[in-house]
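Asks: Here's a structure for you.
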Amino acid sequence: MGKSDHLKLFGKKSGGKDARSPETRSRNSRSSTDNRSSIGNNGSDNPLARLSDLDLEEGVDDDADFDWDTLPLPPSDAQSLDNPFNSGEALPSFRRRGGPTSNDAIERDAVDTIRDTSGAYEEPDSASDGEDVGMNDEYQRKRERLVDVNDSASEVSSPRRESREGKNVRFHTETDDINPEDPIAAPAANTEAGTGTNENGEASSSGMKSSINVDDEEGSETSSSNNENKLDHFKKFFRRGSVQNKPDGGEDGAEKGMKSMKDDDNDDEKEGGGGFFSKVIQNIKDANNGLAPGLRNVNLHPEADPEKNSVQEAEVDGDDIQLVDFNSVAKGLVKNYSSLPQSAHHQKEPAILEGDTMYSPSTPSSSPGPESFVAAPMDDYDFDQVDSDGEDSDLDPFVGAQTYVPPPQRVRGGVLGSLLKMYQNEDVSDSFSTASSIGEEPAKPSKPLLDPHFSKGKIPTAGSLLHVPSSAASHLKKNAQQLAGGAHNLATKHYPGRKNEEASGSNSELPSFKNTRPKKNKKHLPKFKKKMAAEAKITVHIADLLQRHRFILRMCKGLMMYGAPTHRLEEYMIMTSRVLEIDGQFLYLPGCMIVSFGDATTRTSEVQLVRCAQGLNLWKLHQVHSIYKQVVHDTMSASEGNILMDKVLQDRNLVPSWVCVLLYGFCSAMVTPYAFGGDWVNLAVSFFIGTCVGALQFIVSARSNMYSNVFEISASIVVSFVGRAFGSIGGSKICFGAVTQGSLALILPGYIILCGALELQSRNLVAGSVRMFYAIIYSLFLSFGITLGAALFGWMYKNATNETNCPYPISPWYRFLFVPAFTIGISLINQAHWIQLPVMVTISCTGYVVTYYSGKHFKNSTEFTASLAAFVIGIMGNLYSRVWKGLAVSAMLPAIFVQVPSGVASQSSLLSGLQSANELIKTNSTKGGDAMPGASDLSGSLSFGITMIQVSIGITVGLFGSSLIVYPFGKKSTGLFSL
């Protein structure tokens with residue numbers, strides 16, 4: 001290694017050349033090898049072993065004469081590569097330790113490094129700077145004094161050298177002081193820390209991994225003489241290190257001295273990472289590093305290039321471009337922003353509360369401050385996606401009438417999800433300043449203050465909000481490196497003619513923020529219109545969704561109030577929700593329907609409870625069914641269906657209450673001859689008693705809730721008491737059994753038990769069990785009332801009649817008159833329209849014919865007779881629905897009501913109460929208590945309920961059988977409105 005190589009190693013930018021001969025250079029190289037071997041064994045041979053920083057400052061002049069050739073040269077490259085640890089050679093250690101001893105050791109290591117890494121010294125010009133040369137004599141005396149302490153030096157140097165083995169030395173300098181275009185300084189700056197190679201790829205003298213970055217401040221300014229003092233360079237180097245350790249930092253506090261790599265990292269953390277970004281910027285400016293700016297492009301074993309070496313020794317002239325201290329600029333920005341008045345970035349009355357994190361730049365009161373945030377919208381909704389023509393719209397009509405309505409692939413979201421979609425960006429729309437007139441376009445959204453997350457008008461996602469600090473000052477500190485990294489490039493781009501401007505104390509380096517309203521931009525108009533169209537579309541979607549929910553609830557209420565088949569209510573609701581694309585679930589209980597509307601967007605559900613008093617209104621049931629079919633087949637919208645449903649619900653009944661009272665008496669008179677064998681006289685009595693029952697039900701019970709709870713018991717008591725009283729009149733031919741049963745026929749629980757049996761048959765266990773049990777208890781109430789009324793009159797009148805059968809029945813041919821009359825009467829009581837009467841009468845008469853003749857053939861078989869009649873009724877009703885598109889339920893119910901009294905009359909179950917009453921009277925009048933009425937009383941009380949169950953089971957089996965024949969695969973588009 002020659003002198004020129006050592007000069008390049010220390011970053012010397014001079015144009016001088018080595019004037020020595022090759023023989024001299026070879027001799028110096030061999031001398032350096034011998035001297036280094038002696039230095040490794042004995043530290044006393046080092047003339048600078050005890051030289052301290054203070055001694056250098058006091059005894060060495062910047063221009064003192066010194067013979068650089070007297071110092072030994074480092075070993076050759078071949079020796080260092082073959083034996084890296086030759087003669088105890090070790091790297092210096094700069095690990096900080098506490099106390100003066102540690103500082104002295106660091107200084108001694110630095111001086112030894114000068115000795116180990118330096119080449120032949122040259123004697124500088126003593127008069128170059130014009131200072132006193134007498135300091136050289138004092139320096140020589142100090143050297144002689146230091147030689148006398150060889151013993152102590154050897155004791156200290158040996159362990160010290162051992163501790164330096166394996167340590168890395170880094171002479172850190174400011175990267176800004178190195179000109180990347182300098183062919184001499186740039187290779188030194190590009191040398192990677194820890195590689196142990198110089199710019200030519202040769203191994204260093206120690207053979208270990210080390211990074212030696214030499215700082216030569218004067219070489220970048222101008223070309224100097226070849227007699228530059230290198231000892232003065234290291235003197236300044238050590239002075240910077242000592243000044244930097246002071247608390248105030250000194251004048252050269254911005255510069256960095258010789259320190260360890262650990263301390264260098266600590267300083268980078270104190271500066272907020274500015275050193276790291278400066279290194280990244282400098283690496284980008286240096287050699288082409290590709291996509292890894294943190295790694296230097298250094299070849300460990302490049303080939304020697306003579307032309308490159310000659311270029312590196314050339315003199316480079318030019319002025320340094322004084323760079324801006326970006327850290328100080330960033331700190332100044334933070335300081336200036338923090339010193340703004342409170343009203344500049346805070347509201348007097350803060351509008352940014354919990355849940356309201358948006359701000360509108362169009363109003364000064366909502367300007368962004370340190371505490372203002374911009375909340376991210378929901379990621380699962382995109383306004384651009386709503387208006388795309390390629391996707392299906394929520395308002396697209398459902399495909400027309402189909403034979404089958406499968407479960408929808410996509411259902412409409414709930415109201416809550418739609419509201420969230422509509423209002424999630426409500427404040428974002430405020431960021432567009434509203435136009436002051438109709439012809440103005442919305443203004444461009446203003447960008448928040450110094451916030452890179454909000455660039456290009458974008459709103460940060462929820463993940464980026466986690467990194468937003470709580471104040472603008474801390475946010476600026478966090479982004480100071482990014483701001484500083486682009487400051488120099490922006491200044492160079494916009495002001496290429498500026499050179500050597502003052503960076504400190506100048507407000508020109510601070511960015512200016514115009515306090516003006518942004519200009520309007522026409523390019524945001526389509527986006528604004530698009531967003532307004534999306535909001536309008538969501539509004540229409542919400543309105544339509546509410547209409548569909550309301551239609552389902554209105555439909556459910558109408559079906560329950562007007563007597564739809566309870567075992568098919570859930571099926572009707574499911575079909576309706578499928579057609580309307582509503583995620584609905586339904587659970588029916590007697591008198592109550594639980595409706596749940598699901599919302600897949602928010603994973604929530606809206607539960608509605610529909611409760612109403614179940615009744616029977618055949619005409620309104622027909623109207624509700626007509627509306628249902630039109631909506632399901634998509635010939636009517638849900639909003640139009642709601643209008644019609646409201647009209648149906650608000651309409652008055654076709655038959656008023658007082659007419660129903662008279663019809664009650666008429667039906668009682670009509671049912672007495674053909675069902676219970678009464679004669680013509682019994683018709684008048686049954687009419688009178690039936691009218692009383694109708695008055696109790698339609699007038700008294702409707703006005704008193706308390707009485708409605710005991711209506712059945714009170715009516716049975718009154719009918720039994722009055723009927724036995726009329727039957728006890730001598731010679732009147734009034735039949736007690738026919739009058740009593742005919743008057744109570746309209747309040748028999750036939751329909752209730754029928755609905756319960758149908759529900760149980762259709763696997764609706766909850767509703768069917770409840771209704772069936774209620775029907776049994778209801779029958780027991782009636783039986784108890786008949787018994788109590790008959791017993792009361794028997795106690796009052798000793799000669800009360802006990803006859804249960806009429807001795808004078810009417811001819812059976814008159815039944816062809818009474819059955820249609822009873823059908824018309826019961827249909828009018830149940831609010832049937834006159835256009836429905838012909839079908840009802842036809843089906844009812846057909847059913848009774850089957851009952852009459854089957855009863856003649858199968859005696860004492862109530863279940864079988866009712867089953868055959870119900871089967872025929874079901875066949876005719878379902879054919880009417882399938883062929884003539886009518887409502888099967890309304891046509892079949894009057895015929896079923898005709899079957900129930902006939903079945904009950906065949907068993908004479910109502911008169912079991914009379915037998916119980918007679919037993920009670922006989923028991924009280926008997927002395928000695930021989931009678932045992934327990935068994936007969938128990939059988940008489942339960943016989944009526946058992947008879948009702950038998951009739952209902954027979955009707956249920958017949959109805960299901962008829963539905964299976966007419967609709968073997970069921971109705972697919974709509975539910976089967978049949979019993």
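Glycine too: its Cβ is placed from the backbone N, Cα and C atoms.
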Asks: For the region 'Disordered' entry in Swiss-Prot, name the matching range from 432-451, 452-471, 912-931.
Replies: 432-451
Asks: Would you say the transmembrane segment (809-829) and the transmembrane segment (773-793) are touching, if the rule is that at least three C-beta pairs must lie under 8 angstroms and be 6 or more residues apart?
Replies: no
Asks: Residue list, the transmembrane segment (946-966) vs rest of chain: Cβ under 8 Å, 6 or more residues beyond ends.
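Replies: Beyond its ends, the transmembrane segment (946-966) has Cβ neighbours at 748-750, 753-754, 756-758, 761, 772, 775-776, 779, 862-875, 877-879, 882, 892, 896, 899-900, 903-904, 907, 909, 976, 978-979.
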Asks: Six or more residues beyond either end and a Cβ under 8 Å away: which residues meet both conditions relative to the transmembrane segment (809-829)?
Replies: 618, 655, 659-660, 663-664, 666-667, 670-671, 673-674, 677-680, 746, 836-837, 840-841, 844-845, 848, 852, 894-895, 897-898
Asks: Give the nonlocal contacts of the transmembrane segment (832-852) in its own chain as ranges (CB under 8 Å, at least six residues past its ends).
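Replies: Distant contacts of the transmembrane segment (832-852): 618-619, 622, 654, 674, 812, 815-816, 819-820, 823-824, 865-866, 868-870, 872-873, 876-877, 880, 886, 890-892, 894-895, 898-899, 902.
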Asks: Summarise the compositional bias 'Basic and acidic residues' (105-115) by DSSP state, stating how many residues are helix, strand and coil.
Replies: 11 helix, 0 strand, 0 coil
